[in-house]
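Working notes, beginning with the structure itself.
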Amino acid sequence: MRLGIKMRLGISHQCKQKTSTTVWVTIVDENDNAPEFPEEEYVTVLSEGPDTVGATIATVTAIDPDEGLNGTIRYAITHGNIGQTFRINNVTVLVNVLDVNDVTPTFPRPLEGPMEITEGQPGPRVWTVRATDVDSGPNGKVEYSITAGDPNNEFVVSPVEGELRVRRDVELDRETTPAYNITITARDLGTPPRSSTVVVWVLVLDINDNDPVLLNLPHNISVSEGAAIHTSIAQIRASDADSGRNALLTFNLTAGNMDGAFYINDTTGVVQVNRPLDRERIEEYRLTVTVKDNPENPRIARRDSDTLVVRILDENDNRPLFNRASYRAEILENSFPGDTVTVLNGPVLALDNDIGVNSVVQYKLLGTRVDLFTIDADTGVVRVRQGAKLDREAFSEPRVELQLVAEDVGGLSSSVPLSITILDVNDNPPVFSPASFTVRLPENSPTGVVVTQLSASDADAGANAWLLYRLESGAQDRFVVDALSGAVLVGNASLDREERASYRLIVMATDRGTPPLSATATLTVLLDDVNDSRPRFLRPVQTISVNESTPPGEVVATLTAEDPDLRPRLAYYIISVEARDDADKPVRGLQDSFGIDFHTGAVFVQKTLNRELVATFDIIVSVHDNASEVIDQSVSVPNARLTINVLDVNDNAPRFRPFGVANFSEKILEGAQPGTTLISVSAVDPDRGPNGQVMYQLLHLPRGDYLRLEEPSTGKIIANRTVDYEQVQWLNFTVRAQDHGSPPRFAELPVYLRIVDVNDNNPVFSQPTYQKPVFEDVALGTIIVSVSATDADSGLFAVIEYSLVDGEGKFGITPTTGDIFILSPLDRETKDHYTLTAVARDNPGGAPNNRRENSVQVLVTVLDVNDFRPRFSERVFSTSVFENEPSGTSIITLTATDLDEGDNALLTYTMQGPGADVFSLDANTGLVRSVRMLLSSERFNLTVVATDNGRPPLWGTAMLHINIIDVNDNRPIFVRPTNGTIIHIQEEKPSPQVVYEEKPPPQVVYEEKPPPQVLYEEKPPPQVVYEEKPPPQVVYEEKPPPQVLYEEKPPPQVVYEEKPPPQVVYEVYARDDDEGLNGEVRYSFLQTGAGSRDWENFHIEPVSGVITTAVKLDREKQALHSLIIVAYDLGQPVPYETTQELQVALTDIDDNEPVFHKPPKGGLAYQVLYVEEHSSPGTVVGNVTGAVDADEGSNAVVYYFLAGGDTEDNFNLSREGVLRVRKELDREDIPMYSIIVKASSNPNWSLPRGQRSQRARILDPSLDPTLQEVRIVLQDINDQPPRFSKMEYTAGVAADAKVGSDLIRVKAYDNDIGNNSIVHYHIVSITYIKLQSNTSEERSNVFVIGQTDGIIRTFDLFMAYAPGYFVVEVLASDLAGHSDIANVGIYILRDDQRLKIVINEGPERVRQFQEEFISLLSNITGAIVNTDDVQYHVTKKGRVEFDRTDVLIHVVNKQTNRILDVERVIQMIDENQEQLRNLFRNYNVMDVQPAVKSRAPDDLTTLQMAVIILAVLLFLAAMLFIFMNWYYRTVLYIGKLWLLPSEVRFVLLRIRESSGTAWPSPRLKESVCPDWHLVIRGNKTTFRKARPANPVWLDPFCRNLELAAQAEREDDLPEDLSDITDLWNSPARTHGTFGHEPQAKPEDDRYLRAAIQEYDNIAKLGQIMREGPIKGSLLNVVLDDYLRLKKLVAARLVTKSTGNGDRSSISEVGDGRLRRAELYWAELSYTLIQSDLDEDEEERLGMRGGTMRFKHKHPVELRGTEGVHVVHGSTGTLLTSDLNSLPEDDQRALARSLEALNGDGALYAERNARTESAKSTPLHRHKDSHSLRESPLEVTEL
């Protein structure tokens, strides 16, 4: 058939002109259409028999739309004609039929579907529609289109194939459109066209793409804490837009459900109470409720969460509890009504854990003596009742026991005991019996001997009856009395009858009441005479040095002894001679090396000495007094020790070792690196010291500087540079050993070193790498590559041997040539490349460590050969396909692999066998598709061939079996259970044996028409033993759940063995209308995921549907279980299933032991109870609480038992939890008890006997929650007295110490705690003992003690005291009056009696080990060592070193109680140097030296002192006469200036004019410093000392005048400021204004002088601080004293000004001479007070004229050790910047003093700052000046 196409062509121009023509195109037919049968399958019926031969059974017709020969059809049977049974006529008929479009396209069915498409997939295929049209040509061609049912244009249909798909850019959404009815129209191409339609029903399958949504959250609800378990409090509602399982929702609580307090039903969302609630523990729960969908597949489940806030409402379920288990109170007797009772461990307080009105507490008192006391009901304050009278003496026991009761509004109450103690008042004095004694005592009675025992009594009680005894007078430190017992003892001072024959002692007994009462008794002591004395060496320890060459007979030392007795006869003896060598080992046989003169004590040499044998001699010498009457006292103790060090002489030369060697010879390898040890030589010298020290030296060294000595002292010779054998073969030289003697001795020895060659070059390959490709079929033995290497060494070191690494057995190498060859066949499919390592080693046959090697990589690539057949992954493929799958369905993908590569691995797939035409096979991918619809009865067995493209090609085959599966289309339906079914069963007992109850459930009979009966066989259910008859039949009905019919008698007891049998819960039943496997029903649980996993607790039999328990069910863990039962069939391809909910509720049994709640995070893991120590037996300690039983009702009762910890039976615990004491307990013995309490539901619980050996493990609360540790803390009562850390303390006080100085801290410890352990300190008595006269006297107000800190401080000055010491009796007492007494010995010491120990540590570190160090030092020296101060170290130049410490100490002789001189202490240290060496090393002691340079002379006798005083008085009288005579003839001393007669007239005139009288003060004519003269002659200004008539306290001031004058001459202060430092440490400080007022009246002008001195001292502080240490405490004292005196002086001068008639001030300045006098007078008066008097005060005093103001000079900068310090123009007033150079503690102390100084009193006006810096001696002058032309202070305003 030819077709003509008419086309009209048009050409257009840009000017819009166009033309057209017609073209006819004739289309010539091509054979491009295959014949098609109108029917895919022809079915006919043919009866068998002979008549079938030749019968026509069917006529088939095929249509070919081509024309001519292309449309001619021939027919043939292609396959299936088994045995050529059939034939078909093949007649060629050429018929040209012109077609007419008279047939409408026809669909097989008007409705296709439903077709299920899963939502959310882009472009899935839906279905392929096919319409037939028997017309030919265009009339028979059909096109498809969608004409309806797709409003959103989501589908597309292929116009030709009819394939319906979802558009590729569209994803269906089931929630928007769950189903589609799509109308597809088939239209042919005829004229006119004909069409028909088909409807395709498309169901959209759901996927889980929507989150569930909680509808009623967040939400707040309230529930009472008393709500019962299972109480429903809320129902959570949620929805999910998905469907099916994706919309199946489960609820759970994912957070906030502390202790599992609530439970949510996972299917209904009902929230229930799961455990008892307690508001006091948790007030609010913030539950996070999570809803999840699709519980079957939790991996894709979606969820939503929100908060449910549950607020717990309060119930009055808590009784008020006191904060103490008991209360202790006290009150003084005779207290007035209404007085408050002091509660010692109060206040009284009870708390109720409830809230609101339930927590309001009321108090009341119960007891027999409530008539004495009352309590405030609201506050709990206890007071004395009106009309009550407290009299302690009226009580047999001064204690009232009451009961405190606290009660809330609901009547709940608790009580604790209240013990009120009536305190005593002191009203009875002590009484001695008898009042006088007389005793006798030997004079040599030692210290501590009891002289007699005194006794007094006091009728009071407590502290008022406790007596302290002390000696009032007459003891003179010879006797002491024990303060507590009254025993009179011999004191520390020795008794001597010749000095005094008797003593009359007055002893006083004082009670400790307030005020104290006392009584006295008289004791007379008569001494009996005894003679005693002992000789002693003047220097017990001496050390000398003697040369070993000292000849025999020469005296080397003399030991001298003395005896205090008269006419002693002393004899000296050598007790022992001990010789020791350098190793400190004894040397025998030298005892007679030294001798001693019997009479003189001279020690001389007896035998020749040898230093090489002996280093030291220790000689012990004893002296005897042959005239002694007492044998024990005739020998010296201790003996003298003389240490003789033998000095060495150089008499030996060094010798090399080994001795006798002629030379040293050694071989060394070449290449030794610099520093390598070549050889070591050693020489020894038997001499000692420098004579035996050997040094080494190398001589005659070879060229090249190859070697050197490492150290001259060691003899080790090392390489100085690398040695190469090719350059040097020998190194020869000489080594010399020489000592350090004088003259030196030496020895020499030659050394020969031979150089040995080494292998030091590696082989080198000719190429860095080698590469070679090779085919995998290469022949064995073929050489593929050769490697080559060379070695720069020679000989065997240059011979190379080859080897191969990592050849894997495929390759080999020739060792001599390096040829690499094939060793075994290659397989590229196994490995396609090899990386070989070729190794070249030199020195074949040599030692492994002397062979060098190198390596190179050889890369071999294996090329492919087509030698591998294609292989399928399986030899036989089997697959199944459902019968309803459309044509074109993918069946299976077959894959084969070819291990070759390239074209050799490219595969092509073909398929053969019967039915191969039913399927299509993709030749490239191996995908098999169906060509038509398949029938379930069909089976296909096909052969698949995979062929590669190799040359020649190889192939592989596999079998393909395809099964057609029937379709399952019916779901199971549940018969039972019905909706809402709840099964009640009893929870299972945890005990190993379970007994069923006796009463069986009632028998139930079912209806007549059940499903087929199910009869049990003879075998019973697992582990259940029935009696003779088998179990009854179980007959089911369709509706009710199954029930079991019991016989009259219950089943017997069922005893479980190790594992209990499962409990039958229920039997489910479902039916399925399908047949075969599609109708077989199986049962399972829906596994709902993490939200609810109740299904894990049960087991369902898949076939029978019987549900049993899988675990022991515990109601306390979960009371209700929700199960979702799934019934599914075994149909294919997809089994159908149905779900049904079943709930199982558990009833309670007593199966839980009570447990204690775990404490919250950070809380205590135990319960704490309190009880007062010494409480009487039966006292209630408290209640053990906190155990909770998870059961319900009577099963939840808790009983408490003592399980452990109470080994001594101290406590009793009732079953209700009330704990009491059984016996009195003492807190000081055991402060706390720990017991283990067992909580049990068994009222008769006891610890099993068989486990007592494992009690420690069993009673572990961390392992057993039924156990609770309870700690009983004993509350303290004041029953322990304080005790001093030691009974005797010692300390020292400097003679120049100021008032308020800290001396020593005593410490007493009280084993009580709290306020009961507070200790107060008091001084009982102070006894002063004079060492010279050996007398004692009682003193008072010499020392004070801190009441709380125990620090003893000075309260007096000590310059007036003769040498001696104080015995201070200190009392330590607590608040209850318990006390202890200690004695403190305080020794008066001079500065030269102090020793300074320099330690290389900071003061803070030293203070840490100070006490330990002093204790060890005392033990070693055998003396009392006291610390005076710990401060920074100061060098000789005055520089402070903050990393070192000076420890100032003084040492007291234990026997004599005398302070040892520094020389004696240093001698003691030298004597014990061996023991002290380690001590000093451990504590970094650097030096021990006297604290001051000079030493005060020894104490003078009374006669010597009298002679000296008389001589001084005579001298002073003579000097006074001479001086007065000169004085009246030459100069007149006014104030501080000596003026010439011509100058005096001006001074007197101006003073008379200003004051109106001849002298402003009668004391103007007195000499302020009569012993110092300021003499001005020419251009020199000097001081001269006239006469020593100053009071002692003025010496520092006058000394400052001299220093100031010296500073003017030198333009600065003196370089050596030690004079200023001495000034601060001088005794005059404390006799002037520091801590003690002058002995003068307030109006005395010495106050003025004292203030001037204070000004001057303060002015020096700045400069002294820059040169040496001044502690902050000293600054504090200075400034405090200055502030006090400044007020007094100001008041004094104001009084003087107002007392005279004319009070005019200086108004103008005269000539130079008067200017000097006036300025100085003004500086002495106005400078001190001008800034302190404000204008109002001046107007009040009526002062006329102007005021004087001063202008200060500009400050200057001085550079000190800590930086720049600003110093005023005067002598150096301390500024604020100086504070920064002090330690922090001193800075704070000084800052407080300055703050007080600047802010104190009304006399300090704001103008104070103008003259505050003028606090110094104003005597600054310039050189070459005849007069005081310039002063630091200038008058600038009048």
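Every residue gets a Cβ built from N, Cα and C, even glycine.
Here TrEMBL flags 122-214 (among others) as domain 'Cadherin'. As a whole-number mean, the pLDDT of the domain 'Cadherin' (122-214) in this prediction is 91.
Here TrEMBL flags 215-322 (among others) as domain 'Cadherin'.
Per TrEMBL, the feature domain 'Cadherin' maps to 323-432 (among others). With helix defined as DSSP H, G or I and strand as E or B, the domain 'Cadherin' (323-432) counts 7 helix, 44 strand, 59 coil.
Annotated domain 'Cadherin' per TrEMBL: 433-537 (among others), in sequence order.
Residues or ranges marked as domain 'Cadherin' by TrEMBL: 538-656 (among others).
For 668-765 (among others), the entry in TrEMBL reads domain 'Cadherin'. Remark: secondary structure over the domain 'Cadherin' (668-765) totals 4 helix, 45 strand, 49 coil, with classes taken from DSSP.
Taken from TrEMBL, the feature domain 'Cadherin' covers 766-872 (among others). Broken down by DSSP into helix, strand and coil, the domain 'Cadherin' (766-872) contains 7 helix, 49 strand, 51 coil.
Annotation source TrEMBL lists domain 'Cadherin' at 873-974 (among others).
According to TrEMBL, the domain 'Cadherin' annotation covers 1047-1156 (among others).
Residues annotated as domain 'Cadherin' in TrEMBL: 1171-1284 (among others).
Secondary structure of the domain 'Cadherin' (1285-1405) per DSSP (helix as H, G, I; strand as E, B; remaining residues coil): 10 helix, 62 strand, 49 coil. Per TrEMBL, the feature domain 'Cadherin' maps to 1285-1405 (among others).
Taken from TrEMBL, the feature region 'Disordered' covers 1807-1838.
Per TrEMBL, transmembrane segment is recorded for 1503-1528.
Per-stretch counts of Cβ pairs under 8 Å to the domain 'Cadherin' (122-214) identify 873-974 as the leading one among 433-537, 668-765, 873-974, 1171-1284, 1285-1405. Stretch with the largest number of CB pairs closer than 8 A to the domain 'Cadherin' (433-537), among 215-322, 873-974, 1171-1284, 1285-1405: 1285-1405. A contact links the domain 'Cadherin' (1047-1156) to the domain 'Cadherin' (215-322), because at least 3 Cβ pairs that are 6 or more residues apart lie under 8 A. Mapped onto DSSP helix, strand and coil, the domain 'Cadherin' (873-974) counts 7 helix, 49 strand, 46 coil. Residues of the domain 'Cadherin' (433-537) grouped by DSSP class, helix first, strand second and coil last, total 4 helix, 50 strand, 51 coil.
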